[in-house]
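Listed in TrEMBL:
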REGION    1-32  region 'Disordered'
TRANSMEM  77-98  transmembrane segment
TRANSMEM  118-140  transmembrane segment
TRANSMEM  146-164  transmembrane segment
TRANSMEM  171-190  transmembrane segment
TRANSMEM  210-229  transmembrane segment
TRANSMEM  245-263  transmembrane segment
TRANSMEM  283-305  transmembrane segment
TRANSMEM  312-332  transmembrane segment
TRANSMEM  338-357  transmembrane segment
Amino acid sequence: MVADNKDEEAGIPMLDNFDGGNRDDAVDARPPPATLRSRLPQSLSDVVDNAPVSVLAYCFSSISMTVVNKYVVSGSYWNLTFLYLAIQAVVCIIAILACNKFGLIQLSTFDPVKAKRWFPISLLLVGMIYTSTKALQFLSVPVYTIFKNLTIIAIAYGEVLWFGGRVTPHALLSFGLMVLSSVVAAWADIQSAVASDGESGEKNNMSTLNLGYTWMALNVFCTATYVLGMRKVIKQMNFKDMDTMFYNTLLTIPVLFAFSILTEDWSSANFAANFPVESRNRIFVGIFYSGVAAIFISYCSAWCIRVTSSTTYSMVGALNKLPIAVSGLIFFSAPVTFGSVSAIFIGFISGIVYAWAKAKESKDKAAALPTNSEGQEERK
């Protein structure tokens, strides 16, 4: 169903801010480390402070979320996307409330006035997660992962237009590589479709690809609109990351159920087609896991930032593109061709270049700020 991100998964948004920027506030999504360590045996406390374990946990949660979402929506007759996202959101809300009750996270008291002001952002979120899930339904995981990079470009130039941001030459280089990887991926996809056996098979494959690319283009637009809109409003709301996730998820539930009732077929025959007996239990487990995994990814994001750094976390997110794409080749038999492998590699390099560009930009900004001693001398 979420978030990233730069690493936004299909579904509710993660703590990632989609552009590889500063994520220091994500630490507020969980209790202070000392508080958590005081509740754990020494052996578990050592794990909580272990940087490699936090990185592996984040990578596993991110990869598994994408794979599970792809599995759920890959049925031949799947057409209950709104219902799926609604159930996923309900599971996520229950998990958030449970974590809050047991002191694992801290939520602010629900404020109806803030909810009313935040509701338009939640509507944008519905558009983002729906188009993301539909794109994942019709595209292979590697192609989907590669094209998600285009949201970074849209958001970056949106920030230039509305927030006075700037695109550095190094970031521009990474954008060029992202576009190139998307072109190569599309070319490889089309070649595989054309090479399909039988004229009818070719037409079906091309039709599926066209649907997938259409949904992907809509998702790039919806994601950029959501992220830029959220950035503008969130500063006025004084939300912490978990508050953002809670309000987002809670407010999307009635909207998702309403759209499902109005646009989707709730007949017993359609439910039987979407949840076939032979795979019904696995699909239900996948839906449940995807809702809980949203919390797990949020926790792992904050954990990784705390024991490493925002820069390391950004780089991990970039490197994680490769195993996510490869997981599609392994679990869903996506075509392995020279073009598809080349696209994955170029997309992987573009992510590394972008993470490096953002790290350099942050370092340059820090170097440009005057130190306390310099400030005192200037005042003298």
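Each residue, glycine too, has its Cβ placed from N, Cα and C.
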Among 77-98, 118-140, 146-164, 283-305, 338-357, point out the range having the most Cβ pairs under 8 angstroms from the transmembrane segment (312-332).
-> 338-357
Relative to the transmembrane segment (118-140), which of 171-190, 245-263, 283-305 accounts for the most Cβ pairs at distances under 8 Å?
-> 245-263
Would you mind listing the long-range same-chain contacts of the transmembrane segment (171-190), meaning Cβ under 8 Å and 6+ residues beyond its ends?
-> 139-140, 142-143, 146-147, 149-150, 152-153, 156, 206, 209, 213, 335, 337-340, 342-344, 346-347, 349-351, 353-354, 357-358, 361
Grab the same-chain neighbours of the transmembrane segment (77-98) for me: Cβ-Cβ under 8 Å, and only residues 6 or more beyond its ends, written as numbers and ranges.
-> 1, 11-12, 105, 107, 126, 129-130, 133-134, 137, 242, 245-246, 249-250, 252-253, 256-257, 259-260, 263-266, 270-271, 273-274, 287-288, 290-292, 294-295
Long-range environment of the transmembrane segment (338-357) - Cβ separation under 8 angstroms, sequence gap at least 6 | 6, 20, 142-143, 145-146, 149, 152, 168, 170-171, 173-175, 177-178, 180-182, 184-185, 187-189, 191-192, 311, 314-315, 317-319, 321-322, 325-326, 329
